[in-house]
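Undergrad: The signal peptide annotation in TrEMBL covers 1-19. What TrEMBL lists as region 'Disordered' is 200-237, 366-391. The compositional bias 'Basic and acidic residues' annotation in TrEMBL covers 200-223. Feature annotation from TrEMBL assigns domain 'EF-hand' to 253-288.
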Amino acid sequence: MSWTKRFLLSCLVLLGSEAVPISVDKTKVKLPEDTTQVTFTKNHEHGFYTSVFFNVLKDTGLHYDRYLREVIDFLEKDQHFREKLHNTDMEDIKQGKLAKELDFVSHHVRTKLDELKRQEVSRLRTLIKAKQDIDGGNGQTVDHQALLKQFEYLNHMNPHTFEVEDLDRLIKSATSDLENFDKERHEEFKRYEMMKEHERREHLKTLDEDGRKKEEEHYEEMRKKHADHPKVNHPGSQDQLKEVWEEADGLDPEDFDPKTFFSLHDTNGDGFFDEQELEALFTKELEKLYDPTNEEDDMVEMEEERLRMREHVMNEVDANKDRLVSLDEFLIATKKKEFLEPDSWETLEQNQAYTEEEMREFEEHLAKQEEDLSEKATELQKQREELEKQQEQLNAQKVELQQAVEHMERLKIQNAQPPPQVHGETPFAVGAMCFHTVQSLQ
């Protein structure tokens, strides 16, 4: 099997795997019941290829993960597509030849893919509308091109049917995005660490001199406690693997055999160590560094350490860079000097995630954000005060209008009343009396 083929497929499975808690032996983790189980055949290229492609175990972390997995799930159900997959190499996939086989899948599968795409387009429209509302509300100009770039995994110009272009885009986007997965995780961790330090510094500013001194002393105490741990073996070294052999496998370290070790920890029996299987080997080392019950131990940092260990071993052992370690690659690595006489492993506390310059830029960026938010808040307060003033004026006008209406009603009632009558006299008698009075005056 070509390394590029295995690389694409291992990305779909491995980069989406979730970290297993430190107290759990990942070699003994039972897969979820709804996971697609496929029987692997050692050294059988097409069987391995199909198995990996259609065994997307966990959330990949991509914002279109659900859509990706649902499309793969339905394509797996089509007999024609599965057969073509057996005989398609990586270059053909990259050139879009596999995607063209979509024209030959069953009507039922195509109908379901159309439905999935319509649902995804609807979801994207909702997200875009929400993004526009948020940016517009903050007075920001919406960058439509940048926004649409996030949705290149489907052809949004045709929102109704799932076509060859959609499958081609989905494969290419997922491959590219997953290749950058580790890099993005490192950047997220760096931002996490800088924000944690920023918040600590801001908290110190709120304290008096004695409070700051006590807080700094506590901080240094926690750092020292975290750094006070047993020796951490170099990941992938003979010492590290022998420790797993002895403590996890219960075998005599004097009987350590690399080939047997590989077979024991190749948990899915496919003839390769994938990234998840490699990370399982570092559990004992991580337990030396991190304890969830300790105040000084940060579990986010533990996951970053796990990632560093896995990346290091991959860089050292994965000769063809397919993100998988074959038995041959593993056995070759066990004969190297780095395996037998490794350098000491520098843990995270010895390798700060950011430089002081990066920290300065980060805090400047936060300060600018806070300033912008403050200006926005001031502007909103002014708008609120103006609206309240306008509301008061409207209320005053409403009162005046109501008073005018009431006055008009009173006048209307008065004008509608008849002249007063003399008690006991009829209107005719009153009129005759008035006539006689006038005659007498003449």
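Note: Cβ is positioned from N, Cα and C throughout, glycine not excepted.
TrEMBL: automatically predicted annotations, no manual curation.
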Undergrad: Quick one: DSSP breakdown of the region 'Disordered' (200-237) into helix, strand and coil?
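TA: Helix (H, G, I), strand (E, B), coil: 25 helix, 0 strand, 13 coil.
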Undergrad: Would you mind listing the long-range same-chain contacts of the region 'Disordered' (200-237), meaning Cβ under 8 Å and 6+ residues beyond its ends?
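TA: 243, 281-282, 285, 288-289, 294-297, 309-310, 312-313, 316-317, 333, 338-340, 342-345, 347, 349.
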Undergrad: Take the domain 'EF-hand' (253-288) and average the pLDDT across it for me.
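TA: Value for the domain 'EF-hand' (253-288), mean pLDDT as a whole number: 94.
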Undergrad: Sort the residues of the region 'Disordered' (366-391) into helix, strand and coil with DSSP and give the three counts.
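TA: The region 'Disordered' (366-391) comes out at 26 helix, 0 strand, 0 coil.
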Undergrad: Within the domain 'EF-hand' (253-288), how many residues are helix, strand or coil going by DSSP?
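TA: DSSP classes over the domain 'EF-hand' (253-288) add up to 23 helix, 2 strand, 11 coil.
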